[in-house]
Structures are given as C-alpha cells and as structure tokens.
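**Student:** Sharing the features that TrEMBL gives for it:
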- 669-683: compositional bias 'Low complexity' (COMPBIAS)
- 4-33: domain '4Fe-4S ferredoxin-type' (DOMAIN)
- 34-62: domain '4Fe-4S ferredoxin-type' (DOMAIN)
- 361-424: domain '4Fe-4S' (DOMAIN)
- 443-683: domain 'Histidine kinase' (DOMAIN)
- 663-683: region 'Disordered' (REGION)
Amino acid sequence: MSTAFITTVTERCRMCYACVRECPVKAIRITDGQARVIAERCIACGNCVRVCSQHAKLLRSSVEEARALIASGREVAAIVAPSFPAEFPGTGGAVLAGTIRRLGFTYVAEVSFGADLVAREYARLLGEDGRRRWISTTCPATARYVERHAPAQTEALAPIVSPMIAMARVMRKLHGPALAVVFVGPCIAKKLEAQDPEVAGEVDVVLTFGELRQMFAEDGVALGDAPARDFDPPHGGLGGLFPVSRGIVRAAGMDEDLLTGDVIATQGRRHLVEGVREFAAGDLGARLLEALCCEGCVSGPGMTSERSLFQRQAQVRAHVGARLHALDREHWEAQLTLLGDVKLRRGWRAQDQRIGTPRRETVEAILARMGKASASDELNCGACGYDSCVAHAVAIHENLAETAMCLPHTIEQLRVTLRELAAAQEALVQSEKLASMGQLAAGIAHEVNNPLGVVLMYSHLLLDECRAKLGTAAAAGGANGAGGAGGAGPALPDGAGGAGLVQDLALITEQAERCKRIVSGLLHFARQNKLSRARVTLPEVADLALRATAIPAGVTVRTVRRLADPAAELERDLMVQVLANLLSNAVGAMPHGGVITLRMSDEAQRVTFEVEDTGTGIAPEHLPRLFDPFFTTKPMGKGTGLGLSVSYGIVKLHGGDIRVVSRSDPAQGPTGTTFTVTVPRKG
C-alpha cells in the first residue's frame, strides 16, 4: 500500500536525523530540513517512531475504526499477541481478557494458538524439500524488507501466514465468517500486513498496545475493574514463545544446532539486513533464517512498557511456563487436529524499491559540493543519518537527502559565513565612518577653500614683490653706495631684516600650500562614490605608481610578478594613487634606507598587489585605527592622515579588500610592514 500510515509533525521535527539513522531501508526523505516517510519504501518497522524524542512521527490511529466495529452490532473478537505479559506485567491473562471485554468485544482470544499452528506448518515445510532454504515470515517487517529491498530473495520467503492471520482464520472457523477480528499487539507492521492483498479482510483492525491503553483511558476502564475471565479457547502452548528470539524454533520442535546450522535466528534491524544479505550470498548454509526486525516482539514499537528487554522476555517465559503447566495437552492436540485444515499458506511478490547506483563521477561531484575532494575528506561520521559519505551522496542523487545534512560541512560553511559577516560588519563600520567623515570633510573644505585661496594668492604676491625689492635694493647699493633704493612701494628693512621678512613670507606661502593640499585631499576623500573602470595591466599600474613616488638613494625597490593573466578592469588613476600612497608610506617607514618589495599575483577572479617594507613597523595598538581619517603615525606636520583612508575607500569602491600585517618589535624578528590589496579582476 502506498498510503503513509506514519506522518511527520513538521513543527516538532528538529532535524536531528535520528529517524534516518535508525531506518534500516532509508525510507525517509529530507525536504527543506523536514523528514517524511516514503510509504512505498517503508517496511513499517517503527524505528522512526521509537527514536524520535520530539514525538514528530505520528502513527495513524486505529482506535476509531475499532470503536466503529464494536458499535456496528457485529460480533467482534479481539485476538491478543502473546507478548502481552511484557506490556502488562503481573496482570495475568484472565484479568487482561476480562478488562478487554469491558470495551465491548464479544470474544477475547490469545494468538499463541495460531502460533502453534504456524510452527507446525514450518516443521512440515522444512520436511517437504530438504534442499530448499527459507526465510521465516512471522515478522511482517522482515517480509516487507525482502519484497522491497531484497526482491531476488522473495522466492525464499516461507509461504506461510503469520500467527495473526492464522488465529483470525481460526476464530472465523469457530464463530462464523461474519465475525469481525481486531488484533492487539506490539507491532506497527501488522497494520500494513492486514492490508496485504494476499490476506486482506482476515483482520479488520490492528491496534497497538498503546492504542488499547488509550481505549481503556477514554472509557475510564482500569485493569482489574471487570471480573477476571480467561481468554476464549483455543488456548496455545509453546506458540506463546514466538515474541522472543528463537521462539519459532522451540515451538516447531526444531533444533538450532550450532554444528549443523540448519536454523539460524537473528534479531534487530542491522542483523536483519546483514542476515538477509548473507543468506542471499549463500554464506549462512542454513535451511531456515528466523529474522526479526525488532529485538523480539517484546520490543515492538507498539509497546509502552519501560522495562528492560530481559525483564520483558522473562515475563513472557513465565506466562508460557504457567500456561503449559495448566495445559490439557490432549485437548490441545485435539484442537490442533480439529483446526488443522485452516489455510496457512500464502504467496509473496517482489516489489523492488531499491535505490539505484549512480555513476562514480556523479557521486564524486556531489561529494565535492560537500567539501569532500578526496577519500581522506570522507569522515563517515554518520551525523547525516547515513553509514558513509558515499551513501549520503547517493541519497542526495536520489532526492532522499540534502547537502545541508552533512554536519561537518555545514559547520565549516557557518565558520566561513561568520568570517565573511565579521569582515562585512567591519567594512560597514569603516564605510559609515568614512561616509560621515567625508560629509564633514566636504563641508570643511568648501568653507576653507575660498579664504585659503585668497591667503595663498596674496602671500605669493607679497613674496614675489619682497624678493624683487630686495634684489633691487642690493643692486642699487652696489652702484650708489649705501644710499636708499629706488622704485615704488614701501622700502624693505635693511640687511638681515629684509631677508628675514622674505623668509617669513616664504614660510607663510609654504604652509598655505600645505593647507591647500590638505583641502584637496579632503575634497577627493569626500568624492569617492563611483568608478570608471577600464582594462589595464597590473605592471602598468605599478610602473605609474613607482614613477609618482620619490624613492631616496638608500631605498631599493624590488618588483615580483607572478601573473598568469596581468589584465584587470580597474580605474587606473585611483589604483595608482593607492599604490603610490602605500609606497610613500613604505619610504617614510625607512628613514635609514631599506628594501621595498612590490608583488603582483592573480587568481581566476581576483588580482593582488603587495607592498612590503623593511622599516620600523607599526605598533600593534595603532593597527585598529590605521584606516581612520586623520589618523597618522608620522611626526607633526609630516602627514595629513588621509592617505590610507582614501586608499581604503578606493579599494572598497572596487569591491576589494586591503589588509595589513606589521612587525614592530625587533626582539621578535625582523621588523617591517606588508600591505595586501586584493580586488576583483572584473567589476
């Protein structure tokens, strides 16, 4: 059946992938982080329901269907799985049967008699052909696993019904074909078995023990409220051991001989898969593989008991022992003979749901998307729910899983994202700071520029006039002795006084020129808002920057080019300004000479300039403020503090990054500073 009877409450699913991890057939599809059961692939083992700590997996309830049957007026029989002592320890069969009758059931029988019939049929099957090998079908999850995920072994499935179907047929033979049958047990897979076309209609409703307890609670019925009355006949014998591993072996009188290996029993989801695989390979050598998907039926997902596995098994053994002690063996065998004509055979059909195997190249491409470029990158940690990274990649290819399920890859992506966010936040803070300073600078420059122009113009005029008068006075003195100078305008002081006035005017002019450069820098700083990119080469930019920089005699410049493609789309003049600023700073950091290394390198999408000097370095406490406007480490009057700020803005305008590494402590090695500018190759 394709109708999903296990659904996911999306609000509760926390993406832990426990259901994927525990599903033996990976019948869970992860879509947008939500786990959903794939009905066609599901074998109804119930592991996903059991392991979900958030209760996000819900089993479709059959309580209302059972109540509708009871209210229909038909006779309804409840057949109870022999694992009930593990669910209701210390209650006793008579007390439980009496309480179930209070719900409105006409008959209450135990399935152990059906298990006796099935066990006898297995003994008969093995005696028919000594060469055939079989897989037991008492566990519906095992049968569904073989049909869907090991279809080549479908012919090896024992053609025998389960004890539930056998007991349902027994009850109808005794009480008429109109009897409605409700099975109560620990198994979720029984719900799907009841819908199997081969046995459809034999069992009308399947209830788990949890659903039975729900009915008790809703009706206000407590165990022991009703008169104790034993299960309706027929009563079972060793079939009551079916819920524990090797129960079928004991009930059928077969021997799990370790020497002959005719019968091998296994239990648990992993052992089921391995057991069927080994059986298919012929490595077991067994004539019968008894494979239970759970750790015995006493551990079924429909159980609510919190007791340990061993305590549950002990409860079942104790109940069967007491039942056998009181059993009228002759009557029991007579019942087996009387009901021996109940049909116990059935057929199976392959329903292949296996995952395909994609090409190795496809798997490798998916692994690469998860950061696994080589086998050493495949951690096989199982955090995604799959046994290996390759299995996860195959599931992604089959649209069963998502890349984000790889926890190590997701963590690494988060780390990268956090680093990028931190860098973006730092850039945003710097940009806001630069924008604010730019607005302030533009206002200051505008207000200062006009009066500064007047001062500069008149200082130049006065300086020129004084120099001219001073020169004229000197010439006249040589010709006429110490007499006064001719010419218009006020006379200059004699001797050193006149020369001093010229020096003062020269100083005024020099400082006014410096103010003009500062104002010009402020205006340029404030106007960084757009680029005009053009195709240039990195060596061209470097050569122009070197020509624009005054290199003293004691400084050596080395150029290193590691370029596969020297071309990039940049605004040439602005990038020249950036490099010129960095080169000028490098020169200033080496008052006694040194070496400047200008490196150029590239990648597919980015180009890089590096300017390294062997100067005094930058103190660590200054590094955080290095790109702040007006911050400078140069002596008073030697720098405006705008060079690196302007350079930072230009680089960011190109969509790039500028970094600095500096060593200023000679005790820790050679001192020096390296600025690295990286920008996209194309805008």
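Including glycine, each Cβ sits where the backbone N, Cα and C put it.
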**Student:** For the domain '4Fe-4S' (361-424), jot down how many residues DSSP puts in helix, in strand and in coil.
**Tutor:** 42 helix, 0 strand, 22 coil
**Student:** What parts of the chain pack near the region 'Disordered' (663-683), using Cβ distances under 8 Å and only residues at least 6 beyond its ends?
**Tutor:** 531, 533, 565, 567-570, 575, 578-579, 582, 585-586, 589, 594, 602, 604-620, 651, 654-657
**Student:** Helix, strand, coil: count each for the residues of the domain '4Fe-4S ferredoxin-type' (34-62), based on DSSP.
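**Tutor:** Within the domain '4Fe-4S ferredoxin-type' (34-62) the tally stands at 5 helix, 7 strand, 17 coil.
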**Student:** DSSP helix, strand and coil counts for the domain '4Fe-4S ferredoxin-type' (4-33)?
**Tutor:** 5 helix, 7 strand, 18 coil
